[in-house]
Amino acid sequence: MALGSRWQPPPQLPPLLLLLALAAGVRGLEFGGGPGQWARYARWAGAASTGELSFSLRTNATRALLLYLDDGGDCDFLELLLVDGRLRLRFTLSCAEPATLQLDTPVADDRWHMVLLTRDARRTALAVDGEARAAEVRSKRREMQVASDLFVGGIPPDVRLSALTLSTVKYEPPFRGLLANLKLGERPPALLGSQGLRGAAADPLCAPARNPCANGGLCTVLAPGEVGCDCSHTGFGGKFCSEEEHPMEGPAHLTLNSEVGSLLFSEGGAGRGGAGDVHQPTKGKEEFVATFKGNEFFCYDLSHNPIQSSTDEITLAFRTLQRNGLMLHTGKSADYVNLSLKSGAVWLVINLGSGAFEALVEPVNGKFNDNAWHDVRVTRNLRQHAGIGHAMVNKLHYLVTISVDGILTTTGYTQEDYTMLGSDDFFYIGGSPNTADLPGSPVSNNFMGCLKDVVYKNNDFKLELSRLAKEGDPKMKLQGDLSFRCEDVAALDPVTFESPEAFVALPRWSAKRTGSISLDFRTTEPNGLLLFSQGRRAGAGVGSHSSTQRADYFAMELLDGYLYLLLDMGSGGIKLRASSRKVNDGEWCHVDFQRDGRKGSISVNSRSTPFLATGESEVLDLESELYLGGLPEGGRVDLPLPPEVWTAALRAGYVGCVRDLFIDGRSRDLRGLAEAQGAVGVAPFCSRETLKQCASAPCRNGGICREGWNRFVCDCIGTGFLGRVCEREATVLSYDGSMYMKIMLPTAMHTEAEDVSLRFMSQRAYGLMMATTSRESADTLRLELDGGQMRLTVNLDCLRVGCAPSKGPETLFAGHKLNDNEWHTVRVVRRGKSLQLSVDNVTVEGQMAGAHTRLEFHNIETGIMTERRFISVVPSNFIGHLSGLVFNGQPYMDQCKDGDITYCELNARFGLRAIVADPVTFKSRSSYLALATLQAYASMHLFFQFKTTAPDGLLLFNSGNGNDFIVIELVKGYIHYVFDLGNGPSLMKGNSDKPVNDNQWHNVVVSRDPGNVHTLKIDSRTVTQHSNGARNLDLKGELYIGGLSKNMFSNLPKLVASRDGFQGCLASVDLNGRLPDLIADALHRIGQVERGCDGPSTTCTEESCANQGVCLQQWDGFTCDCTMTSYGGPVCNDPGTTYIFGKGGALITYTWPPNDRPSTRMDRLAVGFSTHQRSAVLVRVDSASGLGDYLQLHIDQGTVGVIFNVGTDDITIDEPNAIVSDGKYHVVRFTRSGGNATLQVDSWPVNERYPAGNFDNERLAIARQRIPYRLGRVVDEWLLDKGRQLTIFNSQAAIKIGGRDQGRPFQGQVSGLYYNGLKVLALAAESDPNVRTEGHLRLVGEGPSVLLSAETTATTLLADMATTIMETTTTMATTTTRRGRSPTMRDSTTQNTDDLLVASAECPSDDEDLEECEPSTGGELILPIITEDSLDPPPVATRSPFVPPPPTFYPFLTGVGATQDTLPPPAARRPSSGGPCQAERDDSDCEEPVEASGFASGEVFDSSLPPTDDEDFYTTFPLVTDRTTLLSPRKPRPNLRTDGATGAPGVLFAPSAPAPNLPAGKMNHRDPLQPLLENPPLGPGVPTAFEPRRPPPLRPGVTSAPGFPRLPTANPTGPGERGPPGAVEVIRESSSTTGMVVGIVAAAALCILILLYAMYKYRNRDEGSYQVDQSRNYISNSAQSNGAVVKEKAPAAPKTPSKAKKNKDKEYYV
């Protein structure tokens, strides 16, 4: 309870109590003050939060302990002492700094004094007699912890010091004197014990059983054995409150003493109980109270009885928690009286026509809005006053007096000329329809709280306004839901906007003609948008021009600590600085805005500033919601924000506290609105932290910390990081001169303030970094490198908008030699006409001329300026790296990468990549190019990259007038720069630490500035030279690149050593900011000069393929298998096809045609991605409807996992150690073989999953029916021993990327997705008919929105569609070959899968023989035979497929052949596809074979077979051989391309002569085989894998086992190419049914024979030789897994059928 809410201490005891005390010679409870004295009362529970303690004391001691309590020795305590004869209170909460109160009233005068102590959360008040003070502690906790009893007069000696929070209290002197009437709240506490006390302590006369006071009177102990009763508030009197009091006659609520027509009151103020005071009502007197909640008021109509008075009196009582509000008003224009509460003080304004008289009454401590009753009295009386001036005569003036609670009085005088108060308007109580418009009103909002007994009286009549309102007088009008009783009106809780993104949306403000807004705010931050609302743009119809559209708007914003008002009613805006000083000082600031038509005022802390809007319009038409604290994120783009509101464009939301918001006089519950809207970052309180937020150094990575409002703000500019604490690495984009990023904004933006920052790194002296461009004007803000300096250009197109033309584009330069290949930070700050350009914290300032300050733009471009319609000189394209582009608070690069925005297009590469732009190869020393003359007269900046193994060669030469020339050459592995400006030739030699002809790329910079300082920089090492004399280089003739004609070398100057041309590669050639296309721009091209750079290396090395690509050795070079890397390109260094999935989700769906749905036993999936999401679905593959098989790659809790089901339970595998939700690029590789799976994230170790075997009772029952009785037991034992696992992913129907259909959409970028030979993203980019896209999707690398010149042509992303094979193999399979056919284009796509495919058109399901098929007759168990389709090139074939080596063999030699006994039949091979050894085995032209060892199951292969990228290809033959024949290298396979393009190298492994196939059930006789393993496998069932962190060294030996990631697939095709699918041993669901009947009969019979033979072989073999393809599920026996050779007999070759009898393969499984 607040101070004064229950008991107000009068200056002295009430007369009755005082007389009783004097008569009895008051002693009370007597404390002798001796050692060991103490009194112990029950715990004061009210001290915890709200409560009161009161007592009377009489003493002459100057220092003593009165009261003490604490929390038992921890933090909280409360101590009341006598110090120097005055009361001193100390207390604290939550270990905060203790608060101290020292009163001035002396109490050591041996008289009685009344003491009241009030607790209210953090605040505690102390009052003695008429003096009251309060203090507050700044603690985290509001409640005081009370654990001890209440000690009075001393501390018991048995209380240990450790149990006292304030240990010094035990040494304070005990109290000496009398203490009476101790109460906690309304009741006395229980005395638990005492020592050294005399008097009534042992005889509690006021105990409930002995209390003599009746009717609720309060019992008071006056002296030992004597009590008194306090009868106030009871309506009774007498000694024991037993006598009923009678009500007074007349106006009972006023007791006034009048004298000669004047209203008098006591000199010291009419306190309670004093003469002329307003008495508290008794029980017999009726109170007239009303509750006002901000929208209620009542008014008395004075039009029939106007007021004309010279003497007035107004009395009322109020109770409120609100700081501001109108209590009473009457009058208009010149005559009025206004009584209001403003900032917790009572404010009186009286105007009698001669100017306003104002009086302010404030309490000494606290405020009047303490929810306690306060009495107000206002009088106006005629008094004689001595005038001051030349007349020096006495004059009559009116004395105006206002008193609050009788003790606070303010007086003043009005002028005599105007003595009458006239009013014929209304008497408003508690508010008005428009408080802001009332004359003289200091507030704009209505009252919230209780008003009681409002009475107006003059010399003619008296108006009891509260009574009239309650009784419903006809002249009294009531507004709102008035309640005629006092109810608690909750205070308008303040709210805190904790971040710039926080805001609260208020209902639309209808203030067309008039309006008012008032609020309080408190902050320490300099900038922020407080209020904003706007209307519909005028002229926004069809055909209207964006720049001419205007919208009404209203805004208040903080800029640099000053408060600004912005207003536009459609005919011109005003921007008014409303505060004369900065208001971000952390203190509450009151703002009051009032408008009437074009006129109005804004008041800041009672300092009013008038304004007059421009134009003729008087109507403010606002359509949007009224936003408080900021703007919604989506609205920032969709709303056409007025450029005059700078904080809106800069996205600088307000951070701080707001309270007491009133709109048109009506309150707004901000806390309730924030909670209802779920406003993020809006807290329902306001407190200011005293601790420095930056003290803990929260900013990481070099970020600069600055203090905000209860927060720290990290400036991450220049760190390369983003985020709240600079914790997230900023996205880096790499540009090669043909790359760009373009942000295409949804609407035209108009701004007058911009904040731009970015980091860059480049070796070129020229290049565009960032530019805003417009489709309709020449407006631009452009940053570019110009001669190694940073150049800022700001152009505002004045001619277009009809403003006064300026002198042209403003230009600022900063920095120098910024092309040093180091990171630099640039920042641009524009505020209207003011410009700032900072480079690496060095700032240059400038001012723009002219009045036009509005910048229009539609795009933000980097790297290349594509919008060129309004520019005469196009800036040079950028080569280098950009990072951390933030434009007006938006990190566009990171948003584009993460998919947060959908309006960006780019082909620049993410990541810090080595940049080699437009390389060309000079294949011989006699090759060269001739370009136009080099322009290098006054200065020069040249840059290029080169790579060579030649030690010497001429790189660049240009002759000139006289002896002028320039030469750059390579001499003995070092760069020489030779020049002559007319003073004779000079030579500068590069100081590289070693020769640069090391076949690595090197960077060369040659420059000459206007000061004639020459610079030669090789990589990071620089040489400079200053030359005197001539300063100009006057060149003419052609510029030769790479060499000269032979006859010109002899004429070169003597310092030039070259006598031959350059052989190697050149790239990124920059000639004074121009990027020539060396091939297209050449005037002459002599010799072999070709695009690209083919290095001299032709053998696989560890560095041959990047990003874990697998190097495949060819006869005349090598290729890289990039399928499981997510990258593409010749060496797996180009990004794969990349899509950005935006907010709201997107989906890419690849659907197999119903006739071509594959079923696989093995799957391979690889994908790259980056995201900040912790939960999303990346890829999902579903089977046909009703089957239920699926495979899903997802992110859960920031980690990657895969779940799949191929007919059994869900099987999961995940990588819990790799967090992928960090926004960085990650690559996931997944393989499945049956129920076994592997998962690898980036370079983390491979995770493996081997589920336990299971069997299906139904399936077993079906199979068991076909088995003879005598074999049943054997089969049962075998099944139980081995366990069966469902392994086939049946009838795959669709691949879905993005997770939108699963309710967990992915947001970010996905790149290079590969699944079983399909590159779905590449197909989507090619608009494949089987691919459907939906949602917010963006292809990275789409062409720019305008055609670019040859200099800016974007490179085409590679669409690597690997040619693969689909095999059909299982442990025991019946396979027949089918007639080969030439695939169509659809086949080349739909058959592009590399896994085991099993299906049967005759059986509805191929799921492990779940469905029964009729058996057929005949057939024997044979091994699977893989055939090759006809090699006739399809109509759109692009290159002949080649067969990579199996992982067991590919590092060995360049050519591997198969033995004669293991070759497939020749029927499926075309003679033209063979090499020179397609003849008999004993052909003398063929090289002798070389023997090499195999691995594991020893599968063999045939190089003439179609290509594959699945390890399954190498494990499909269940043969166990002990030797493989390797052939020496041979010529490549002939090119089968029909389009004339260069084909891939020929077949890597040459086939030997045709031979019959091996017969089923028989094995070749071989000698024992010793494997060439450098390291044995890891153990049973654990195959070896690549080293997890980096690619393995390619050396002879076994580096990988089948079935693991990073295995070779097929040769990637070139851009946009796809090879034919090769042999497709796939059984589709709905192929031709020819021969179905025959097949069913034959297949059924064959099933029985298979089982019989299997059982027989099982009963007659050892464990190490059974022909189960254990590599399928990674469950192998020890002999197979440790490298030992399995001994078997070789089967004989069966006859190869000359003609396929069926056009469809079929398989059946048991």
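Backbone N, Cα and C atoms are what each Cβ position is placed from, and that goes for glycine too.
The disulfide entry in Swiss-Prot for C1093 points, among C1065, C1111, C1120, C1122, to C1065. In the record from Swiss-Prot, residues D1189, I1288, N1290 bind Ca(2+) 3; the candidate from V1177, V1202, V1206 listed for the same site is V1206.
Checking the ranges 215-248, 1133-1166, 1677-1710 against Swiss-Prot, the region 'Disordered' annotation falls on 1677-1710. Swiss-Prot names D779, L796 for binding Ca(2+) 2. Of R711, R724, R854, the residue it gives for the same site is R854.
Considering only the recorded positions C241, C705, C716, L796, C1105 (disulfide bond) has C716 as its nearest partner by CA-CA distance.
Nearest neighbour of C450 (disulfide bond) by Cα distance, taken over the disulfide-bonded residues C229, C705, C1111: C229.
Neighbours of D779 (Ca(2+) 2 binding site), defined as other CB atoms within 10 A of its CB across all chains, total 25.
Taken as a whole, the domain 'Laminin G-like 4' (732-904) shows an average pLDDT of 90 in this prediction. Cβ neighbours of C716 (disulfide bond) (same chain, under 8 Å, six or more residues apart in sequence): C699, N701, G703, L722, G723, C726, G884. In the three-state DSSP reading, C694 (disulfide bond) counts as helix. With respect to C213 (disulfide bond), the closest of these binding-site residues in Cα terms is R854, chosen from L796, R854, V1206, I1288. C1105 (disulfide bond) carries neither a helix nor a strand DSSP state and counts as coil.
Nearest to C486 (disulfide bond) in space, judged by Cα atoms and limited to the binding-site residues L796, R854, D1189, I1288, N1290, is R854. Straight-line distance linking the Cα atoms of D1189 (Ca(2+) 3 binding site) and C686 (disulfide bond), rounded to a whole number, equals 57 Å. In the three-state DSSP scheme, I1288 (Ca(2+) 3 binding site) is classed as coil.
When the disulfide-bonded residues C241, C686, C714, C1093, C1120 are ranked by how far their Cα is from the Cα of V1206 (Ca(2+) 3 binding site), C1120 comes first. A simple way to gauge crowding: the CB of V1206 (Ca(2+) 3 binding site) has 26 other CB atoms within 10 angstroms, across all the protein chains here.
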